[in-house]
Structure formats: structure tokens, C-alpha cells
Amino acid sequence: MRWWWCKVLVVVAAIGTVQAASRDQWIGRSVYQVVTDRFARSDNSTTASCNTGLGDYCGGSFQGIINKLDYIQELGFDAVWISPVQSQESTRTADLSAYHGYWPNDLYSINSHFGTPDDLRALSTALHARGMYLMLDIVVGDMAWAGNASTVDYSTFNPFNDQKYFHDYKLLSEDPANETCVLDCWMGDNTISLPDLRNEDQEVQQILGTWVSQLVSNYSIDGLRIDSVLNIPPAFFSNFSKSAGVFTMGEGATRDASGYCPLQPSLTGLLNYPLYFILTEAFNTTNGDLNRIVKSIDFIRTQCDDVLALGTFTSNQDVPRFGSYTSDISLARNILTISMLADGIPILYYGEEQHLSGGYNPINREALWLTKYSMNSSSLPLLVQLLNRIRSYASSDGEKYTVAPKSGSDYLSYLSLPIYNSSNILAVRKGFAGNQVVSVVSNLGAKPATKASTKITLGSDGTGFSGGQNVTELLSCKTFVTDSSGNLKVDLSSDGGPRVYYPTESLNRSTNICGDHTQTSITSTSSTSSASSTTSTSAGTSLFSLSWEIRTLMITAALTTSYVCLPLIL
């Protein structure tokens, strides 16, 4: 009966916030990103061919997404990010077709390959009926033309049907280090021209503001992902975001947080590319260095106003899939775990749960239907499902077990605290005592026996666990008992896989994590094989090694977060 009561609350909340989803609502969400043309077909085919190298349309559609929402929800996601929906340059060139959605020529028309305007509304309605959000990818910096710059017919663009709306022609590739050129030059090439809009002009701003306001209203959009924000004047985004009236997530493929983060707060959120590059390099080989992750997170926090609104990810349509670097599922499990349980909004690129292995564009945009949407293709789909459940539980029912003052007790606002780090192993705590999730990840690989350090001890000063406390490892559902000082021994020698620890008694409200956890066998950590003497006090010097008292004050001052009750996935 309690489940049905919760479900009613979801529907009411979704209806009330369809067109005004805020930052506080979005940071509690988990996002599944799809390339609309490659995720699902209207005919439900799981055999239709799709040669990614050819770069043609393969038949994915809005209706196809609707048909497969059960799959997305079974994975535990409560928001879906789809490709740009505007009408595209229709000519197939040596640069392939515009199936991806980033070559618009008419902002007010819907790409007929994906469906009709009514089909897009139906997708929005279907998502909201499930208590899920819709994030729409948009392009606001250029239009597209098949041919070189001298042949562009500006009158064919809608609404920017005159050359006056665009910068003079010069390719960005000719002068990429010039800061003015980064903002004013044309992307694309001589095969596909991308005339660059004068986003600094008031008339262009007004036209785009009117368009995005209508777009959000007409299709009940909850959030926007904005393409190539580093190629648009920063001053553009403040009024544009106000016109949109919903959460905005900017995209800029850069390692430089110092030049990227100042786009906040004009853009509420940003894709966390600076962290993405470090995570990939740390986990795509057993020779990576996890110490760099701590340094990266530390630096990003000094640069970004709101790290909780950053989108964390392991891949997307613009970069190689993680599976293209390694076939080691253990490494994939580790990078997924830290990405999905980190601060910020977790975003999973469709097919990462199937360990698809496409490299650079266009072969990293595979047809997911060829996997038959299997939940048992490897251990990854069920891992993703469980990680989403853990995050959802800790940010809702789990909070009832926190021992911190309620003024600063919410799980999502707690800035993750690295409590152990070496080149091969990283342990991170998120959450106050009683509701703390302690994740241990490594790049040891599936056969870590050859590595010298596979066993560590996590001190109670870092984990917050007390002496003799029952702690459940949520990925295996095994329960351990800390020693008399509250220390927890961790052994990764069997598989090099991630470990996620949580107070056993705080699982009492969970029905979909570890089943009947009260019957789980208990193992004393004192009987574990001898562990490394290194404890949480060796976690290095950074923002994260501040004293617990200072940290508590920092967290108490953090922004508060609103939550949405989510339906249980049984």
C-alpha cells in the first residue's frame, strides 16, 4: 500500500513541474542519454541493420523511445536526454548525414525522420506519466548548409534567413588558438558549412529567446543540454536561460575547468568534461593513476560555483566509448561506479550498460536494438540498475537514518570525501553517518592477483563507521563487522571490482537493495587477510583532508535540495 501512495505523489509532482524543473529537482535525477536515431525503432525491430560507418539514418524514433521506456526505467533512470529535434540539412555528403541532429536549418520544424510534433509531445507525456523528466539537446550557435561558404543560401534558414545574422566566413580550424576566432569563426568544413550566428547581437538573442520559450512550452521540456557553449559569447546565456525557464546543461569539451566553470551560474549545469578526461585515463588501463582523480575533483571545486549541478559521465556521442579502450569488464564496473555515485548528476550514454565498443564518431553511435536490450548481456546492466537504486535510496528513505542535524543532512548536498587514495585504489565517502555510502574503486582489473596492493584498511575517521558496526557491501550483499575501532578491511584480490558499503541497519526501509538484508551472513573484518596498514589518514593533502568539524560546517552551508518520491523498481 505504501508503494501506491508514493506512486501517486510522483504523478502529482510531475504534472506540477513539467515546464519549470529546477536545479534542485534535477540534481536528484539520473539521466539516460540517447541518440534518437540509434536507440529504438517504432517497429520494435531488434534485427534492422545499421552500419555506423556509413553515417546514414537507421530508423530510431520518438515512438521507439516510448516503446522502450520500460528498459530505461528498469535500469533505474528517471530522466532521458534525446538528440536535437529540429529539421536538419537533408543532403548526404562526404561528412555523412544529419541523423545526429547537430546540423539544423529550420528551428521551428521537427525532424521528420524521428516523427511528428505530436510524436514528440507523446514522448514527453509518456515520460511525465512515469514521473520522469525530458532533457532536450539544442544547437544555438550555428545553422547548416551542404556546400562551401560561397554557396550558402541564407534565405533557406528559419528563422535566420539573412546573412546579417551571421559572422563573416572564416573556418575555426584555420585559427583554433585565437580566442576571438573561437567565438566568431565557423565550425564545420568546406563540405558542410556551419554559418556562425552573431549570438552577441540583441536581435539574434531575442529571436533565440522567443524560440526556446515556445519550444519548452510546446513540448513540455524539463531541461536543456546546450551544444558547444565554449564557442558562444558567455554573456549570451544569462537571458537565454531565463527565456528557457528550465534547467540548462552546457557542453564544452575541455580539460580546463578554470575557463569552463565561469559559465555558471548563467548556465546552471555543465557537463563535467574536466573530470571525464581524468576518469577515462585513470580507468582505461591497469596502469592509470587514481591519485589524479582526487586532484581533479579538488581543483574543479575551486573553480565551479556549483559542482552538484555538473553532469558526470563515462562516454557520449562525441568521444570514444569506454569499451573501445578495454574489454575488461572489471575496469568498466569501476568507472561506472565512481561516475554514478559521485557528486553531480549521473549521465549514462546509451549502450554503456551493454559495453558497446565504438571508438570515435561515427562508430560510437551504434544501434542499441541489436543488443536486444538485454539485462543479462554482462554484469553491467544490473550494476547500473543497482547503482541507481543506491543513489535514489540514500537521497530519500536513507536520510531518515542520518545522525547529523537536519539543517545539513541531505545526502545529495554532501560533497564527496576521498578517504583513501593510491595509484590503483580510491575510496570515497558521500553522506552523513547513518546514511553514508562508502565506495571503493580500483584499476586493478579483472585479474588483480599480480598487483601488490589489493587489500586496504579504511579508518573510522574517514568512513564514519563505529566499532563493531554491521556494514553491508551492496554489490554482493555480504555484511561485515567493523573492528572495535570502527575500521573496515577491504579485499579486492578476487576480482578487482568495485565495493559499495552502507550501514546495514539503515537498509531497513529498502525493498530492492540486497533483499532480506537482515538474513545476510555476517563476516568479521578482523578475520580478513592482513590488510595494508594505510588508512584514511593517508588520503593526501587536498580540500578533502580538512578536519571533520570544518567539513560539517561546509556541508551545513551547502544549498538545500528538493526531492521527488520515485516509484520502486521491483
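Every residue, even glycine, has its Cβ placed from backbone N, Cα and C.
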C6, C50 - which one TrEMBL pairs with C58 by disulfide: C50
Spatial neighbours, same chain, of E251 (active site, proton donor) - Cβ under 8 Å, 6+ residues apart: R225, I226, D227, S228, V229, L270, L271, Y273
Per-residue pLDDT averaged over the domain 'Glycosyl hydrolase family 13 catalytic' (33-391), given as an integer: 98
Farthest-apart CA atoms of W103, R225, D318, R365, residues recorded for substrate, distance in Å: 18
